[in-house]
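One structure is given here, and the rest of the page talks about it.
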Amino acid sequence: MQLFMKLNKAFLFLEDGTYCHGWTFLNSVFSVGELVFNTGMTGYQEVITDPSYLNQIILFTYPEIGNTGMNFDDMESSRPHIRGLVVRNLSFDSSNWKKKLSLVNYLVSIKIPHFFGIDTRYLAKYIRDSGTMVACITTYKICSSVLAGYARKMFSPKIVDKVTTKISYKYLVDNKPRVLYRDYKIYSTNCSLSVIVVDFGLKTNILRILSAYGCMLTVVPSWESYLSILERKPDGILLTNGPGDPASMVSIVKNVKQLLFTNVPIFGICLGHQVLSLALGATTTKLKFGHRGLNHPVSFSDHVNITSQNHGFIVKNDICLQNKVSISLRNINDHTIAGIVHRSRPYLSVQYHPEASPGPNDSLSIFQHFIHVMKSCR
């Protein structure tokens, strides 16, 4: 099938007027999103299905993408969320014991906009110097000025509503064998703790890990009221990752503020970290080009962890925040806040992705710490 796919000329237009010539396997395409780059060598399947990438066109700096094909076990959600994929070369040949189809077949079969045949590392450097901007993958010639109006739509306050669960549900343990998937059960604490997972666009691996540690998980929508959450009498609350500008999510932050009047442990990941920080009185700001990759070093008091990161916003070093929490972790590359711990309450959060998928498993201990905090507050 792949050998007879028709190559079509395509364009990648940036909002500053820059454009590139390339190729696509789609006959017709017009897709607009925020162009961001990811420096990971692997993990493209997890990236494509990560809800945090909603409304974004992903530029991979690694030159060959698609070598391991696609499978159904490593999906981070039930469907793709990206607006497009930009790579230097799409591999037709793929090898993986779990492979069900090639990346090319996957992209074409569900019509994911894609663009290849350019120097992606050069373009990543351009974004690094110029800043993240809106871009368009298309088979038509357009004027870049039309993209200006899209920029305001990328971070709607309601963006989380597009990826959150619509109904509450209990997560059932996935008993599928995962030969190459790390066996978290050897670390299981058999804790039987009840955790409410507030879904801002969660990755499935968060649920897999907490479940393997013995937690009983109930996933609720992002708009679930604090009263409804507390009525469930949870031992802990987890605020997940997700897309968008946290400062625009006024109702979500207001809801989390109400949870702070209790002594229920709260753990935030990525967007959840930003939302918790805003509820504590901090402010956030947008990064020039974000942190997206699998090898971001984060400093603890006595050691360094290599982490998986995917965010375009960070928590600022506010004085009001400093009075309430300790900054427990920092990104070594640019010294931005990578984690906080409240000084007197059982609240903690991290800007990176301890569940990885893709990425290193250096930070799995943060889940164990969260479980320890929940037990101590019982």
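For all residues, glycine too, the Cβ spot is worked out from N, Cα and C.
Just so you know, TrEMBL annotations never went through curation; they're auto-generated.
Over in TrEMBL, the protein carries these features:
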type	residues	note
REGION	1-177	region 'CPSase'
DOMAIN	8-138	domain 'Carbamoyl-phosphate synthase small subunit N-terminal'
BINDING	Ser52, Gly242, Gly244, Leu271, Gln274, Asn310, Gly312, Phe313	L-glutamine binding site
ACT_SITE	Cys270	active site, nucleophile
ACT_SITE	His353	active site
ACT_SITE	Glu355	active site
Chain-mates of Ser52, Gly242, Gly244, Leu271, Gln274, Asn310, Gly312, Phe313 with C-beta within 8 Å of site centroid, L-glutamine: Asn241, Pro243, Asp245, Pro246, Cys270, His311
Cβ neighbour count (within 10 Å, all chains shown) around Cys270 (active site, nucleophile): 29
Candidates Cys270, His353, Glu355 (active-site residues) with Cα within 10 Å of Asn310 (L-glutamine binding site): Cys270, His353
Lowest local Cβ density among Gly242, Gly244, Gly312, which the record lists as binding-site residues, within 10 Å: Gly312
Neighbourhood of His353 (active site), C-beta criterion under 8 angstroms, separation at least six: Lys203, Asn241, Ile269, Cys270, Thr307, Ser308, Gln309, Asn310, Gly359
Under 8 Å by Cβ from Glu355 (active site), counting only residues of that chain that are 6 or more apart: Lys203, Asn205, Ile206, Arg208, Ile209, Ile269, Phe367
Neighbour count (Cβ, 10 Å) for Gln274 (L-glutamine binding site): 30
Chain-internal residues near Ser52 (L-glutamine binding site), provided their CB is under 8 angstroms and they sit 6+ positions away: His81, Gly201, Lys203, Asn241, Gly242, Pro243, Cys270, Leu271, Asn310, His311
Local confidence of the domain 'Carbamoyl-phosphate synthase small subunit N-terminal' (8-138) - pLDDT mean: 95
Composition by DSSP (helix, strand, coil) of residues within the domain 'Carbamoyl-phosphate synthase small subunit N-terminal' (8-138): 26 helix, 46 strand, 59 coil
Neighbouring C-beta atoms (10 Å sphere around the C-beta of Asn310 (L-glutamine binding site)): 30
Three-class DSSP secondary structure - Gly242 (L-glutamine binding site): coil
Distance in Å spanning the most remote Cα pair of Ser52, Gly242, Gly244, Leu271, Gln274, Asn310, Gly312, Phe313, given for L-glutamine: 13
